[in-house]
């Protein structure tokens, strides 16, 4: 800026000087003209008249010229007014802008003043401390330090004062505005470093003063101080001279470095292009070969693996380069420190010698002087020894130079040996673990057998592979050591050059100032080195921990294999047990069949021996014994069946486990194969690399020999410097000893860490054993777990504990995040405070600088004009203020940027919060869906409960109906009492069971609600954890962004300090091009990502629809199964059978009674006929004989019917027994169906759980994807930074580029390890789905088996009872429908299985693509943000330039106004001079005229002379006036012209500025449009590429299907690829050789540069700056590595958490298995209870049959008088025609009097009676009149026989009042409910019985009503109520048969059955 302003000022001065010169010449010409004219007039014209005329003519001419000039003046005035208006408008605009800048300038001035004050204070303190130290120091030991400190301060001040001058001289022209900014930034950096240095000096002098005060005061040597001040002044002058030379050399070096960087980047891109072309060629080859299509998949895999290896190799290359740079930086720093220490030592020695001369007088310090002399003598002895060695061996000169470096290398070698010993110990520990594992395996082999051989082979292969790995690692270590040796040799060569330069620079005296600063930097670097070593140690610890985790995984794998063997043994045992059980069941079935055949034979014998009476009691006892045996056999059979079912279940579980283990083994084998292939590849690659590296080593050795020869020649020239180095070496031995001690301590610490790691490993092994023992205990204790409710309680407790644990983890993570946020805030506040302090320090320093400049400017001579001094001071102040202003503006902008970045990070966090909220809403929606499903289930259960209640209400209503009808006699009351008692008993039982069921249902519902609540809590806590993880990731991102910005700022500072603006522009353009390419790639990847996201969403929705369809199908299946179970439910049919048996037994009883009555009636009729025949004549005998014959015929028919009835009765008994047997079987099948239904429900719950697991795993994978994308972005950033640092190092040293394949082996292992868990998780999910599908299929197969058994039972029922054919047909149709539905369901299930498999594969593919897309997305986002930030920075720079231009314009205007004022003063002075000249000429003319007049007087012409003199005076006065007016007009004109020219120049400047800005804007717009167009084009091309690639993938898949054998081709192609890679390696080696050639040329250039001392100092300064940059880069790199390790630790923690989740899931699966076992136990108990009930019922049946047989045997051939009386009393209802005869006969039979009979007949005659006899015989009494003989078939109502009437009666009796209650389809009892036979049977039987009785009185035969009432339904039920009264109320004796009531179905009545039997 100052140079630009100077140029402007000089140009303006020249132009204005020219104008002034022209004006002065013009005025001189006018004055000369007037003089000539006057002289001419005087000479030529003699008289006055002629002179007057001449003068008048001249006046007229002058007036005309004046008029023209006045018109010109008016015109110029108008122009001036217009220009003034424009100027005012522009000034108004400028004032508004300049006001803001003035405020900023004032603030900056205040800060500068503060900094100046602070600097002055610090310098005063330094001076005071120096004085105190000098006064206090009494000996020579302290004086060197003080003098050096003083010299440093003075030299720093001198350098500071000389710096601005050098800055001003370097720049010229308008293009150097940016150089001012750079200079100001350098100024700021220098001031900050100077402040730090001054503070350190203050602290040093304070310590010195304290020490001196403690030791005692002394006299300071002021003469020495004066000498030092003189030297300081001389050094300052030399510094100011050399600065300019260094800057020129710096620019040249930067240009060379940039060229090298461009060459290296170009080579790198060419290599990448070659790799991509090679990959495309391989893809085309794989497509072109038809026969080779089979190997395309393998080729693609190999290509992918090679690409991965390439990427890994590049990463390793970058890491190796970083390590190399670190080592080089450390070595360079040590060398520099070494040289500096040498220089300081030499100076100290010289000063010590001077002080020794001075300190001979002081007796106190003689001992110290002697010590110093001894040290000197030792040093001289060492120097002589080293000289002798140098003379003896000329080659040892280099070794002397690099002795310290070699010692450091030996230390590094010892450290590496320690590392190798540690690794050997690790390997030994691994081998010990393997030996322990092998011992355990040998034990297991002894137990298991043949299966161990395969495992041993696998282990042997594993050991071989591990040995190969170790060998490769050792080879890698050797390669690394060789590389390091090569690096050391290169460093030695470069360091020799540096040492030569430093030896030349040792002649300079200004090294005093640099010594202490470099020592401080050395301390800093040592601290940094210690920190880096600590971080290295932590990384080693983490590596060892990862190795231990690997060993643990191997152990767990072996344990799993052992469990596989144990399970196989168990499976074999269980299979043997199942075979034995099957054999036993077959034997038991045979015995059963035999016993059943025996039973049937025994029953047939019983039926034959039935009419014989009580002759066969022994047979009955045998039958009872056989029946008992039968029941026992049935029990045994049931037990065997239950055990068989258990064994089948266990067998199924073992099979499933076997499958799982087989799959795991297959996966392990696959992994082993993959690892083998990877190891083979790595071995091949390593062999090739070793060969290439050996070749490189040989080449480098040859080059190094040449370099050594050149260096030895240079070393001879610098033998003196070598001697100085040897002197310094003696002084540096103590530092090396301290470093050696530090390395020993580090070794001890590492030993301690190794011991700790061993302990941790032992602890982990013990923990692993404990966990294995726990797992074995849980597996053993599966069968001993208790009820389902207890399990649910335990599950709830565990869920609560998990919730509490999750809450605690949440709180801990929240606290950690808050702590991190507080730490960041504190760091920000500290940075703000540091900024304020720096501003104050800067102001103080500025003030001090001004003060020092004033001091310098005072003693200067005052010969120069003051105006120039003022101008120069103003310019210097302006430049200072500009620099301060720019610096402060940059600080403000940096603060704004940091705030904007924080805001951006806040916005990102808000967006992430919004995404989390949306995920929470989705989770809420899912939760609502689950709650709706639960509500539906609860609603269905409520409906089932309501149905149950309805059935109960119906039963109660039927009881009420039984109570409600009117009593037709006391008999019905008695019967109903007995029935209601029974009903009450049954209802009490039913109510009790119902209450228990309701309680259980309520408990289950409560447990389910609690479980759902806890699941919701778990979900919410998991989401909160995910949010915390995301927030932590965001905090990490923010910190990373802050660090990135700091690094970018530092890089910009370095770039600004190093390069010119034009070079920066070129660099920025290159970066913009690179970013444009990256952005295009990013856009293409983004498009692909969006497409695949949409595909994923559609697939997700499809999966959800499929799951919903599956759930609906499951519900349908459950409903149909329930309906089937209800259809096949034997309880209803059993009740119907009971009703039919009861009705039949009652009918049989009544028939027996009627037969007895008829026989008695026949006997009475015979007696009556005999008596009536005796009394009456022969006419009546014919009639009686006819009637008697009819009666005898009827008796015969009745006997035949009785026989048929007895046969039918036996058939019914057999059918009943068969039905009972089948009912037991049906009940067992029903229990099986219920178990299957429960298993189906469990499977559905497992499916839902697995679905939730899949969703969780999907979310976890998304999170992992996010973390991986972040890591990838960070890795890319680190790669870019490392490449920049690599380019810098290549520019400095042109070091050898390394091959990218060296470090592939290091990354191969971890990549494989990282890929394994992801595959395992995906495979685990697929395996779980497959297991569930297999379970569903097995359940379907079981259902089909149960359906087949049901069909067989239905066939048996159809064979046993022909009456139930219609029911069987209906059942068969329903079974067919069920079969069809089941088939459709099976098809749908298979289709869904296929769909699930395909979707799982698609999901895996989609997840992989998602990972890639997310990584690319994040890379693109970061690139976009970087581009935006760069655009903002450019805009800010443009604004800054505009503002600076405006400031420059304003200052130029001010200078122009000052210049105008000076010109005006100049013009006035020139005018004054002209007037004086005019006056002189006038005076001389007057004197001449006076002389003439005197002469004339003397001659006598006085009058005329007087007149002429008067005229002359007047004319002269007029001329003077005219001249003055003319001069004024000319002055005004010139002023106006000057103003107009200034305004025009300003306008032109403004227009140029606007044009420039518009051009820049248009250029930027065009650039943006071009970038956008290129992005869109590349996005379209990427889409086309994607489609083409997809098409290619489809083609490859089709060819894969057809291909079978092309492994040899693939191996050949792989070898070709390896060869191509080797060729590429050779190309890289060639490039390396070219780089070495360039290195040689650059070394020659360096030798040329080394001629000049000034160049050397510039290179030194550059090295210092680069050291700082290197240290900062190393620090950043180590921080990044630390962050990466932290991320890895977090990943490991996440993996541990996922493993914990898997453990919890396994425990949950064990719990569910235990629940299933409990359910099975419960069902077995229920089965046993039902069996016991069946046995009880069987015993009851057998007792009833026995009683029936006894009663039949006892009642044959007996007549009951009570029955006859009932018949007699019922006979009153016969018609009048026959009533007298019948009553008389019955009276005579019963022994009644004739009179009583006559009375009763008279009463009958009075009342019209319709009796039961008329209704029974159908008006047949008319035939009993003796006078009218008729045949039995004469009347229309007499055609019906007694049997038909009896059948009708039975039909009426057998029709039930209410249909049998049908249970609803869903009405299944819970598992804990009692069996249905306890309550349902009793209730139904009582209800049906009551219903039958309730309906009977309406249409019942009056003859049979009292009879049925007289016989109670249950034995002993009516004994209580028969006290006395009517005969019909009396009970029957105990020997009569009694039956339990049997229900009859509504569809097939007992009447139909009886009709069929009667027809037979």
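Glycine residues also receive a Cβ, built from the backbone N, Cα and C atoms like all the rest.
It should be emphasised that the depicted structure is a prediction, and the values quoted were computed from it without experimental measurement.
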>> Quick check on the annotations: TrEMBL lists coiled coil for one of 1107-1161, 1382-1436, 1437-1491, 1767-1821. Which range is it?
In response: 1107-1161
>> Quick check on the annotations: TrEMBL lists region 'Disordered' for one of 210-232, 233-255, 256-278, 279-301. Which range is it?
In response: 279-301
> Any idea which of 941-968, 969-996, 997-1024 is down as coiled coil in TrEMBL?
Replying inline: 997-1024
>> coiled coil per TrEMBL: which of the ranges 1289-1323, 1604-1638 is that?
In response: 1604-1638
> To which of the residue ranges 571-622, 623-674, 675-726, 727-778 does TrEMBL assign the term region 'Disordered'?
Replying inline: 571-622
> Thinking of Cβ pairs under 8 Å, which stretch from 997-1024, 1107-1161, 1188-1278, 1498-1574, 1604-1638 has the most of them with the coiled coil (807-905)?
Replying inline: 997-1024
>> Are there residues at least six beyond either end of the region 'Disordered' (522-545) with Cβ under 8 Å to its Cβ atoms? List them, or say none.
In response: 326, 330, 333, 337, 419, 422, 426, 746, 749-750, 753, 757, 760, 1671, 1674-1675, 1678, 1681-1682, 1685, 1688-1689
>> From the DSSP assignment alone, can you count helix, strand and coil residues within the compositional bias 'Basic and acidic residues' (522-543)?
In response: 22 helix, 0 strand, 0 coil
>> Let's see if you can do this one: DSSP helix, strand and coil counts over the compositional bias 'Basic and acidic residues' (461-477), in that order.
In response: 17 helix, 0 strand, 0 coil
> With pairs closer than 6 in sequence left out, are the coiled coil (1188-1278) and the coiled coil (1668-1754) joined by 3 or more CB pairs under 8 Å?
Replying inline: yes
> Mean pLDDT over the coiled coil (1668-1754): what is the value?
Replying inline: 91
>> For the region 'Disordered' (571-622), how many residues does DSSP put in helix, in strand and in coil?
In response: 48 helix, 0 strand, 4 coil
